[in-house]
Amino acid sequence: MSFIRIARSLARGYYNLPTNIIDRTSINTSRKDDDSDTKATGSQLDSPDEEWLKDYNSFVNVRRRNRSVLRTFVFGIGLFLIIAILTLWWPLTGADLPQCHSIYMYPSYARVDGFNEKFTSLANKYHLYLYREQGMDKEPLNNGEIQLDGIPVLFIPGNAGSYRQVRSIAAACSELYFKQSDILINKNAKNLDFFAADFNEDFTAFHGGTMLDQAEYLNDAIRYILSLYDQPDVSTTLAKPKSVIIVAHSMGGIVARLMPTLKNHIHGSVHSYLTLSSPHAAAPITFDGDVLQLYKRTNEYWKRELNDKSSFIFNNVSLISITGGIQDTILPADYAMIEDLIPYSNGFTVHTNTIQDVWTPIDHLAIVWCKQLREIISRYLVETSNIYLPSKVVPLEERMKIASQLFLSGFEDSYRNYSGEELRNLTTNSEVSSEMKLNDIVKITKDTIPDKPYLSVPVAQFDGNVFLTLFSNSDNIKILGCANSYRHDPTIHSCKDLSHFIKKVPRYFDPNKEHKTESNKLLHTSIDEFKKYDFVIVDFSTIVEEHDLLVYATLSREEHTVIDVTPSNLLFMSQKIKVPPGALMNKWEFINLWDSLFAYKMNVDTTAMEQPFEPFVKQHIKEPFETKWHLNVLESTTSISFHNIAPFIPTNENITRSLFLTLVGSPENDYFIRISVDYLMTLKLLYIRYRLAIASFPIAVITMVLAYQFYIYDRRGIFLPFVTALGHLISTYNTIICFSLLGLSFLCDMKLVQNALFAIDPSHLNKPYFNSNKDVRNNFYLLGLRSKLLGVLVYFFFTIGTALVILLNGILLTFQKLFTMAINLKRTNMLQNQRTNTTAIITKWRFLALFLIIISVSTFIPYQMAFMLAVIIQVINSLKVSSLSARTKNHQNLLNFNMSLLLLLIFIAIIDFPIIIVFLHNVAIRCGTSFRSQHNCLAIIPILLMVNNNSLLRLPNRTKGNKGRLVSLLGLIYLSLFSLIYGIRNLFWLHHGVNIFSMWVFYLTIFSKGS
């Protein structure tokens, strides 16, 4: 029976039911009307006010409201758990599976002790290392002196990253130059001297001051590195380097772009940037306003420089941004985009799925060591080096050409127009050459190798919509562009090798095997690409007879079909496509499938009993460069996801945003394709993009409920329990809330509304259009949605936020109830007596402690640390009120008020906690970092005054007249709307909003006379 009584007691505590909680000796009857002042003290034990008790019960004792809360809780927590389970345990398949190979190296690191306080003020906090691959690179030190003989490269680690992450790429560069130099095309290449910054695993993403420190240190480091090559003992007589190559991971890429904006930057000291999983497009977290300010400053600087055709950056600097795609669960791959900022003449974004011989997504940490990718990166770094130039890299145009050749799939429009190498004179006649006609299909196997080794395509006979398509599993096929150079003999041609148009594509692989390393060859090129030639010749002369040899060649008009289907069409029914025989490649453009929040599933079937080769599907979008190769499509359902138009990412509205799918299959067979929405994958993708909503939406819910609590309190003198007030709002206004959120989603996607929201944004950091380019726009508001169909997500996340608040409130009330039950009932009046006798002493010591905290914030600790102290004080306040309520049952209003405030402060503490991590990290390594903006006393004094005042067991006075009530109501509603509309991209400002609210509460408690 005792267990049942405890359970019943806990349940009453959770729902704040009136039964046996409020008796007639616990009601303050000093009020003579509904607008009387409310002030709870330990000595108020008068007889009850019958009308007040009736009003209280009319709000609290409504089971329907409790059922509404329970339904909302179950629905919200259910959604939250589904997304969490899918994120953590739902497996990725097919092209989204990681396929990185293992690696090994023999690293050594030499700390550059010469880079000390004489060269940088941050030498005590950060350090510089020189990497050497054992057995290949020079020994790092000789008699204590650094030995340098290559081209300087600086590696910048990311958030909490280590300088040791340089080893994989640096080792690959050394191995390429010293052991595989015969494959290098660039004869002016040189080995690379890799330097790496040691930031003591600083949390760069959390703190703008840390970003500034790192950028300042790196500028000093570059100055020092370049000075090392000016020393006479450096073994080179060539041009001294005037710049370094930068390779950066994660937030290191943002620090690298920040460097040129600082005063200590050496003009022209960096020509080449290569970033790995760096969030260029948007800050991954928004807990610190300084980070957002630095993003804005950096982007404006780069945009201004790139708009100036005479600037150094426009004419010399390249930036390649590589992202791991869907496997990166730390940073949304959308955030790595630079297309809105940097023109294609200076850089581009590419997904690792796209890169030839990589063809795999890569997670956030593996991107610095994945074997396939590091081999391509090392090739790029070495091939773009030039020992004879002071910049130590080839000119910008050549650098971008090499980047396109190495990092793109080869099927992009920007890849075209590279001239082939002069080959030889070639003699063709009817005995050795056959002419290919429109709609011809040529098939070659080991049993049908043609007697005529040349297949000729007369270019002049066809228009630009005719495509030459070639599929082969052989490496011994060439494409030649030939012209009739000898008028006396039309069978003799001058030819160039155009085999670079033939690209690798991943071969069908067994998912049970560890690796897939083999590739097929694919050519799909418009005849327009060959207009300067008379003939295009497919050369089979060197083909080798193999048991699985297969070659298909077709000449046909491109099968490009535009499909006008929307995600809403695919929600409940699938799009079916029939592919008749006759074409080697069939291409579809889905002009309305552009939203990255949707994922789709595709099934491919065929009536053919046998397949000459396994058909596969190429999926791609035009910006950024993202190509996926879906293999094994006949065996299983294929998941389709992409990174196109995404929340909070700038988008050029003049660029085609269609999703393209291309089926490569036997022209002898027919195929059937079915596409529909993949609900589970769509839910899985929500987490990575909306993690910050877990912090902002609950605050919107809490402040909305607080507004209602204050409204009822001002009118009737009842400060409702939090769950009771929430239940009343849900049961009464749920439909209004739902449609209001949907309407808000539609409004926030309108350009006029976005401009208005930016005008009234107190932070003024997120401009909906990018500088003067009105075609590049962004939606920073609410969930950043561009699709009206997904407006329902706002209500879903609001429900999840509500459920999380209910959960935390239940946990707090449970602990409060357990604490109350644990109190010794014999000491009923001890606390009241102690408070009566020592009030003056406690107040004196509290204000002394408050003064010391303010001094500490001004000089040493960030205000976020003081806020954590305020949260602890509020916890104590709530427990103290709980203990008094448990004995005298006369502080229900005071308990409800303190518990609601505690809920709000706990969620704000989640936002402030990362800055505290940075501060404690710096204390642990005994290094100081500037916390300039965090030493703002005004950002914490009102909160400290409020919680200190709460510790004296005071309630705010009920406001006099409508004006005071309006201030409380509108202030909290504004804070709730701000949390919804601006919160995700301005989490740092929510602290300041609560700080202003705290000042108002303090004013109501101390200075307001009430009514």
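Heads up, the Cβ atoms here are built off N, Cα and C, so glycines get one too.
Within 10 Å of the Cβ of Ser250 (active site) there are 30 other Cβ atoms, across all protein chains. The active site annotation in Swiss-Prot covers Ser250.
Feature annotation from Swiss-Prot assigns N-linked glycosylation site to Asn28 (among others); the stated evidence is sequence analysis.
Annotation comment: Swiss-Prot describes Asn66 (among others) as N-linked glycosylation site. Cβ neighbour count for Asn66 (N-linked glycosylation site): 19 (other Cβ atoms within 10 Å of its Cβ, all protein chains included). In this structure, Asn66 (N-linked glycosylation site) is part of a helix by DSSP.
The Cβ of Asn316 (N-linked glycosylation site) has 18 neighbouring Cβ atoms from other residues within 10 Å, across all protein chains displayed. In the three-state DSSP classification, Asn316 (N-linked glycosylation site) falls within a helix. Look at Swiss-Prot and you will find Asn316 (among others) tagged as N-linked glycosylation site, backed by sequence analysis.
Swiss-Prot lists Asn417 (among others) with the feature N-linked glycosylation site, giving sequence analysis as the kind of evidence.
What Swiss-Prot lists as N-linked glycosylation site is Asn425 (among others), and the listing cites sequence analysis.
With a 10 A radius on its CB, Asn654 (N-linked glycosylation site) counts 8 other CB atoms from all the protein chains. Per Swiss-Prot, the feature N-linked glycosylation site maps to Asn654 (among others); the stated evidence is sequence analysis.
The N-linked glycosylation site annotation in Swiss-Prot covers Asn837 (among others).
Residues or ranges marked as N-linked glycosylation site in Swiss-Prot: Asn898 (among others). A helical conformation is recorded for Asn898 (N-linked glycosylation site) in the three-state DSSP classification.
Here the Cβ of Asn949 (N-linked glycosylation site) has 18 other Cβ atoms within 10 Å, regardless of which shown protein chain they belong to. In this structure, Asn949 (N-linked glycosylation site) is part of a helix by DSSP. Taken from Swiss-Prot, the feature N-linked glycosylation site covers Asn949 (among others), and the record attributes it to sequence analysis.
Counting every protein chain shown, the number of other Cβ atoms lying within 10 Å of the Cβ of Asn957 (N-linked glycosylation site) is 20. Sequence annotations record features per position, and here Swiss-Prot assigns N-linked glycosylation site to Asn957 (among others) based on sequence analysis.
Residues or ranges marked as region 'Disordered' in Swiss-Prot: 28-47.
If you look up Swiss-Prot, you'll see 72-92 (among others) marked as transmembrane segment. Long-range Cβ contacts of the transmembrane segment (72-92) within its own chain (Cβ-Cβ under 8 Å, at least 6 residues beyond either end) map to 326-327, 329, 361, 639, 680-681, 683-684, 686-688, 730, 796, 799-804, 806-807.
Under the heading transmembrane segment, Swiss-Prot lists 692-712 (among others). Long-range contacts of the transmembrane segment (692-712) within the same chain: residues 59, 285-286, 718-720, 722, 725-726, 728-729, 783, 797-798, 800-802, 804-805, 808, 896-897, 900, 903-904, 907-908, 910-911, 965, 968-969, 972-973, 975-977, 979-980, 983-984, 987, 990, 997, each at least 6 residues beyond the stretch ends and with a Cβ under 8 Å from a Cβ of the stretch.
According to Swiss-Prot, the transmembrane segment annotation covers 717-737 (among others).
If you look up Swiss-Prot, you'll see 740-760 (among others) marked as transmembrane segment. Here the transmembrane segment (740-760) has Cβ contacts under 8 Å with residues 766-768, 777, 779-783, 785-786, 788, 790-795, 798, 980-982 of the same chain, all six or more residues outside its ends.
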Fill in the CA-CA distance, Asn898 (N-linked glycosylation site) to Ser250 (active site), as an integer in Å. 42
In the same chain, residues at least 6 away from the ends of the transmembrane segment (964-984) whose Cβ sits under 8 Å of its Cβ atoms read 286, 648, 690, 692-693, 695-697, 699-701, 703-704, 706-707, 710-711, 714-715, 741, 744, 748, 757, 761, 763, 766, 780-784, 794, 798, 990, 993-994, 996-997, 1000, 1004, 1008
Contact set, same chain, for the transmembrane segment (847-867): CB under 8 Å, 6 or more residues outside the stretch: 905, 908-909, 912-913, 915-916, 919, 931, 934-937, 939-941, 943-945, 948, 991
Enter the number of other CB atoms within 10 angstroms of the CB of Asn898 (N-linked glycosylation site). 26
Which whole-number value in Å describes the distance between the Cα atoms of Ser250 (active site) and Asn316 (N-linked glycosylation site)? 23
How many Å lie between the Cα of Asn66 (N-linked glycosylation site) and the Cα of Asn957 (N-linked glycosylation site)? 29
Here the Cα-Cα span from Asn949 (N-linked glycosylation site) to Asn957 (N-linked glycosylation site), rounded to a whole number of angstrom, reaches 13
Asn316 (N-linked glycosylation site) and Asn654 (N-linked glycosylation site), distance between Cα atoms, whole Å: 27
Students should find that the Cα atoms of Asn316 (N-linked glycosylation site) and Asn957 (N-linked glycosylation site) sit apart, in Å rounded to an integer, by 66
